[in-house]
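Chemist: Here it is, the structure in full.
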Amino acid sequence: MLSILFTAEDLQQCYRLQDYIRDPLIIKTQRLEKKLDVLLTNLRYEQKQLACWKSGKMAVAAVPGAGKTYSLAVTAAILIARNNLNVNKQLVIVTYTRSAATAIETKIKQHLVNLDISQDGFVVNTLHGLALQIINHHPNLSKLNLANSTLINLTSNHKVIENSVDKWIDNNPLHYESLLKGTKVNKVKTEQLRRKSILRNEILPKFAYTIIREIKSSGLTLKELKKFNERKHNDYKTLLLAFSLYKEYQTIMKSFNFIDYDDMIHESINILEELDIRKIWQQKVFAVFEDEAQDSSPLQEKLISILASDDNNPNFEANLIKVGDSNQAINSTFTAADPIYFNLFCETCKNNKTLVQMNQAGRSNIDIINAANFTLKWMRDEWIKKQKNIKNNFLDLLQTQILERNIPFHIQEIKLVDRNDPQVNANPQSSNPGLEIHIPQDIYHSIKLIRQKIITLLEQNCNQSIAILVRENRQGHFLAQNLKDFPEKYKITVYEAGTQNQFSQIPKDILTLLKFMDRPHSSNYLKNSLEILERHNLIAKQDWNKIVTNPENFLYSTPLVSEPEESALQARNYCRSLLKAKLELPSYYLIAFLGAILKYESTELASVQKLSDKVYDELNEAITLTNIISVLRKIIDLEQFEEITEDNEQLYVRPNQVTIMTMHKSKGLDWNYVFLPFLYDDTLSGEVKISPTSNFLGNFSLAEIARIQIRTLSHKKYLSYENNIDITEIEQVWEQAKLFKKIEEYRLIYVAITRAKNTLWISAAKKGPSYWRNIKENVFLKPKTPCLIFLALMNKFPQFVTKH
């Protein structure tokens, strides 16, 4: 019999091993690793590449529906767990809207609760929130006195813009005269007055608003702009105009003690220029994740790059992950967002083998995916064709290389997920086609088809979500009016997202009318009031610039002045009634009176009453028209600050609800069934429409010219980038501006298509209105041309086309 003898030392080691195995900390670590393994197992291969990131730079290009938010949340949870991140060393996640920040934060917290880990190892912020956090930590270093400053949300009709334009005109008479002259001198007095009105009230405010945001976000200094201005100019000296207007704006902002959101980012970067402060923040930051990186700008790029670096270690590569999809960049023609920076970051990471392409997506039906992939390829081919046309089809080798490099659409086809994918109901299948292409007789026939389809779908399954996506809010309102019987008749909720904007517009409209009542001889105030009355369908649309050149003659004609045209008489009567009310009504009745004039309905009138109470509570006894205007201005500034908070996304995707919203607002959402009606060329062509009233300058937009010029200078400063544009040649720059607008319109349709899970229903009726304002049953309908993408989809997928 074989006996095994253990020494006392052997037994002691055995006991120590048992104690080790029973150690609560070891047991907890083992359990945690098992949970982390489960999280990893439930990720797709491409998602795992992100989750296994250790350090350095990584770019993630994710197709629509690829689950990037879920992947980011899982990656964050794994990094927090494995690196023992805490309040002293945090993962920083940056995104561009508060709703997106809330969604990511909620998902991360859910994972951390399941992992039984503290939730203080990460922070999710918007860029502006992050900048504010840095400023608040170092008030002694900040030049911004937040306690005594007013934070404004800049718009083209803000009083700061108005004052900046007025000041520029006073200080630059010769430059102003060259703009008045335009392409052709016209010495007729009425035409001169009309041009002055348009320049002062339309062209220059829009120009100022555009260039202020572009200059601030571009990372260019005024010295650099001035340096370029010392060289060659175009006829209107657009960059000199931008430079001098921006200086006036800075002076006025300082005099009012105003700051805007970009000022906060600038100031946070200035604070981080202090080496010791920069090192403190870098030691607190483990890594930076940037979501929706296609919407970044040079200024934002600079802030997150500083935080992701380590000045104590010069060989350290920034811990920076950027996640986005340049094919969904739909903000660059009306914000400072510029997708080129994300594209080049992806290119750099590709060369370093740290680019992850998330191509698999479980959101949509195979038919919808095929439509989306075709649309993307068609857009790319169309852009190349147009670029070659601009160059007269002749491209040398260098130009061909530049063309290939600057293609704004990246072929990243959406692929189906694997059969054993853990996503519930991935790539949903049904017996019906996932794509329906309809050609109704007219817009009312479109409504009838949409109504029938929705009723049938929700009768079959009331737990489905439905959206109707439109290009502009007026189309959405028309649809909502034609579905208003749904709640009572069919127990189907109709949610018109655009009404939220309408309610926020009420105080602005009231303020505009009160300003006219206070100063009726102001051409600007008169015109703004007429536009509001027109928007509320109270007066007919006409050229207000012609009317407002001489407010006195319009409001009160004399024997020496001819009566206005018949179409303008109704407008004059409304304006006179406003001025009469100012004289005859007590000031505390004026807000309620304007609510009645604008024919607000029940819920809107309730908002007017609430606004009225709020104003008068603040004024106490000192109720005068001037004081009411002053208080309303403050209220609107405050409300604009609050409006930056996005609506809860769950409001839009409720079951048994039809959500009506614009294509722009739909980004980041999805529904079981999506309807895209009214796909017409006049609303989705991407053409930049130039008002006939402003074409004395030429057939282009001065603001868009300046935007392209500033961006081109910024690209040359920050990137090894060439686009062969001579920014002093207006014709060249304008062609580029038009192309960028068309690109973004195409991307917008791609975004809308990829919102659908089960079925995508699209249509372009044979007849529609000339304008989407004042749509009534007896409105004249004319033949309409479908947009090019609709025609391309028809030709590609004839099996899904139904002609009515």
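All positions are counted from 1 along the displayed chain.
Note: Cβ is positioned from N, Cα and C throughout, glycine not excepted.
Positions annotated as domain 'UvrD-like helicase ATP-binding' by TrEMBL: 41-365. Taken from TrEMBL, the feature ATP binding site applies to ALA62, VAL63, PRO64, GLY65, ALA66, GLY67, LYS68, THR69. Sequence annotations record features per position, and here TrEMBL assigns domain 'UvrD-like helicase C-terminal' to 404-668.
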Chemist: From the centroid of the CB atoms of ALA62, VAL63, PRO64, GLY65, ALA66, GLY67, LYS68, THR69, the recorded ATP site, which same-chain residues not already listed sit within 8 A by their CB, in sequence order?
Modeler: SER71, ASP325, MET358, ALA361, ARG363
Chemist: Quick one, of the binding-site residues GLY65, GLY67, which Cβ has the fewest other Cβ within 10 Å?
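Modeler: Across GLY65, GLY67, these binding-site residues, the one with fewest Cβ atoms within 10 Å is GLY67.
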Chemist: What mean pLDDT does the predicted model reach across the domain 'UvrD-like helicase C-terminal' (404-668)?
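Modeler: Taking every residue in the domain 'UvrD-like helicase C-terminal' (404-668) and averaging pLDDT yields 86.
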Chemist: Which of the three DSSP-derived classes (helix, strand, coil) applies to LYS68 (ATP binding site)?
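Modeler: In three-state terms, LYS68 (ATP binding site) counts as helix.
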Chemist: With DSSP assignments reduced to helix, strand and coil, which class does VAL63 (ATP binding site) get?
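Modeler: In the DSSP reduction, VAL63 (ATP binding site) maps to coil.
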